[in-house]
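Here the structure is laid out as structure tokens; the discussion comes afterwards.
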Amino acid sequence: MLDAFSRAVVSADSKTAPIGGDDLNQLRSFIASGNRRLDAVNAIASNASCMVSDAVAGMICENTGLIQAGGNCYPNRRMAACLRDAEIILRYVSYALLAGDASVLDDRCLNGLKETYTALGVPLQSTARAVAIMKAQAAAHIQDNPSEALAGAKLRKMGTPVVEDRCASLVAESSSYFDRVIAALS
């Protein structure tokens, strides 16, 4: 797993040159976005339980066969495993967002995920749909505009007014991590 700083060092070392130019500008940008990045990860982490349960519920609403006898979310232990897996995926996406690098997601979460799910008979399309729901929720939480009418008292906002332009890059970055998960399941 490499963070932005480690990547810059490895890149400079491979060129046998000091860190400078574009690498230095990228590091400055990464540092400048640090507080927003922390706020974005906090927004996801603070709402993770609701995000996971809503994503799995949405997946089940679209495919009710999952909770029928013989479905992948029946009985309770399989439902618990589904919720656990969705939480793990969301956690690794937040790690990648915090580090500004997808390697932790690739190495520790996505490596072999499709093969494991296929061997266990987990429906990949339904899992990808749950991830897509979490992607939309994460974007809403990062932009600090989730629907309070739908979330009710469980909703935790970031607490600071957010200008959408400032968070557009973080929304795009987090979306790219969710897209990696969806692609790994395809």
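For all residues, glycine too, the Cβ spot is worked out from N, Cα and C.
What Swiss-Prot records for C50, C61 is (2R,3E)-phycoerythrobilin 1 binding site. C61 ((2R,3E)-phycoerythrobilin 1 binding site) falls within a helical segment according to DSSP. Using a 10 Å Cβ-Cβ cutoff, C61 ((2R,3E)-phycoerythrobilin 1 binding site) registers 10 neighbours.
A sphere of 10 angstroms centred on the C-beta of C82 ((2R,3E)-phycoerythrobilin 2 binding site) encloses 22 other C-beta atoms. Secondary structure at C82 ((2R,3E)-phycoerythrobilin 2 binding site), taken from DSSP and collapsed to helix, strand or coil, is helix. Look at Swiss-Prot and you will find C82 tagged as (2R,3E)-phycoerythrobilin 2 binding site, backed by similarity to another entry.
Secondary structure at C167 ((2R,3E)-phycoerythrobilin 3 binding site), taken from DSSP and collapsed to helix, strand or coil, is helix. Long-range Cβ contacts of C167 ((2R,3E)-phycoerythrobilin 3 binding site) within its own chain (separation 6+, distance under 8 Å): R36, A40, I142, Q143, D144. Positions annotated as (2R,3E)-phycoerythrobilin 3 binding site by Swiss-Prot: C167.
Same-chain residues at least 6 positions away in sequence with a Cβ under 8 Å from that of N72 (N4-methylasparagine) are, in sequence order, L66, R78, C82, G121, V122, P123, S126. According to Swiss-Prot, the N4-methylasparagine annotation covers N72.
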